[in-house]
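The structure appears below as structure tokens.
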Amino acid sequence: MSRGTIYTESTMDFQKVRKIQFGLLDPKEIQAMSVVQVENEKIYDNGIPTDGGINDLRMGTMEKAMRCSTCQGDSKECPGHFGHIELAQPVFHIGFIDLVKKILKCVCFNCNKLLITDKHDKYSALKRVKDPKLKLNKVYKVCKDIKVCGKADRKSETYTEGSGQKQPRLRKTGLKIKAEFPIDEDDPSTNDNKRDLSASECLKILGRISPDDCKFLGFDMVLARPEWLIISRLPVAPPPVRPSVCMGSNIRQEDDLTHQYQQILKANNQLRKHLSTANHIINENYQLLQFYCATLIDNEQAGQMVSRHKSGGKAIKAIRARLKGKEGRLRGNLMGKRVDFSARTVITCDPTLDLDQLGVPRSIAENITIPEVVTPQNIDEMRKLVINGPNKWPGAKYIKGEGGKMIDLSYAKTTETFIDYGYVIERHLKNDDFVLFNRQPSLHKMSIMGHRVKVLPYSTFRLNLSVTAPYNADFDGS
């Protein structure tokens, strides 16, 4: 949206979201959502992001003095836009290489048809399987034992449709798929029967699988085609996802992802430059590109060499590490909740409290504040709280005055402090305020409930015994 455009409310009917469908990124989709093809290895030129570089201004910016060249938004308004890198040769996706191997075991290397035919005794049962993931695994279990394309079953010596060609044995080692082809005694050229399958070769085979065979394997032709499991066009995340940190006046520390994208660009440009040279030089540059693309996605794969910074040797934090686990984006940021104005202590029982009451220690009540707007009805009470100040309960800690100016009552003379209608007083917690009380693990909605505050001496939360059941609480220190 360009600056100055007047926002108008949509006239579309409200719809209920029933489900979210995930799929694989189509190279055409990556091209469509990209605003720039990234090919310049240099990130900055005299402090300004280079055109076609990893921090090209068309992808957005985190610099306060600059604006996004695509939407004209500043660092607060622009969420960023994706770019892309055209790879000189396709590479394996580290998360899908096992899946690629499974699919290759299910199709013929020559005609690219399924190794299992409708004459097979398990064909009908496999066709009835609905779960896509389960379906691929079941088809793989049957096809991995089929050695010749077109045989009706393992014991049959008669061929149905198919090429009749013997199939290679496949195994994954690191970021490679190794193929061992059967030796033909009449053909001496088959003696050297072991070789690595390139991602380009696998891409051609997967791309030639028919729509019907893809569906039989459990793939969706709109959301996830088999050939999309191999990377031929790499999306580049926008700079707001990987902001740089200024260490001094002229020193800029780039994010790990930016560093990795730069390494990918260097390896990709070197590979493109040497495509017409000797095979061993091409292979060396290709393996480097494969390594950097893999460690951009996952740098913690077992048995895989770790990508590190050249200075300091610190391991790169890859995309997977940012998403997974308790500290990741999903559990740590999206699902995890962090709040201000909260307190934590041990609970003890108090049968004298009402069911909806919560005994709160005075020390906590003096620390947690509630903002209350000054009105004609409460101005006298607010003045008393301000006079009591932050160290006498019930009192107040801050005043938010005209223009949002904050006054800390720890340093002000409370008796001389002026308040007026519309001011906001950050007052202490007092009796009959409503608060939310939570005990982990929060397994159901009754793990967080509302209570009326009753300020009490000592240092523990007090709770009526009859309220402990929904919290699954006891009084042994939990």
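Every residue, even glycine, has its Cβ placed from backbone N, Cα and C.
Record features, source Swiss-Prot:
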BINDING   Cys68, Cys71, Cys78, His81  Zn(2+) 1 binding site
BINDING   Cys108, Cys111, Cys149  Zn(2+) 2 binding site
BINDING   Asp474, Asp476  Mg(2+) 2 binding site
BINDING   Asp474, Asp476  Mg(2+) 1 binding site
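Counting other Cβ atoms within 10 Å of each Cβ, the lowest count among the binding-site residues Cys71, Cys78, Cys111, Cys149 belongs to Cys111. Neighbour density for His81 (Zn(2+) 1 binding site): within 10 A of its CB lie 21 other CB atoms from the protein chains shown. When the C-alpha distances from His81 (Zn(2+) 1 binding site) to the binding-site residues Cys111, Cys149, Asp474, Asp476 are tabulated, the minimum falls on Cys111. Among the binding-site residues listed (Cys68, Cys71, Cys78, Cys108, Cys149), Cys78 has its Cα nearest to the Cα of Asp476 (Mg(2+) 2 binding site). Each of Arg58, Met59, Gly60, Ser69, Thr70, Gln72, Gly73, Glu77, Pro79, Gly80, Pro238 belongs to the same chain as Cys68, Cys71, Cys78, His81, is absent from that list, and has a C-beta within 8 angstroms of the C-beta centroid marking the Zn(2+) 1 site. Between the C-alpha atoms of Cys78 (Zn(2+) 1 binding site) and Cys108 (Zn(2+) 2 binding site), the distance comes to 48 Å. Counting other Cβ atoms within 10 Å of each Cβ, the lowest count among the binding-site residues Asp474, Asp476 belongs to Asp476. Residue pair Cys149 (Zn(2+) 2 binding site) / Cys68 (Zn(2+) 1 binding site) shows a Cα separation of 55 Å. If you take the Cα of Cys111 (Zn(2+) 2 binding site) and the Cα of Asp474 (Mg(2+) 2 binding site), they are about 68 angstrom apart, rounded to a whole number.
In this view, Cys108 (Zn(2+) 2 binding site) is surrounded by 22 other Cβ atoms within 10 Å of its Cβ, with every protein chain counted. Each residue contributes its Cα atom, and for Cys68 (Zn(2+) 1 binding site) and Cys108 (Zn(2+) 2 binding site) these two points are 49 Å apart.
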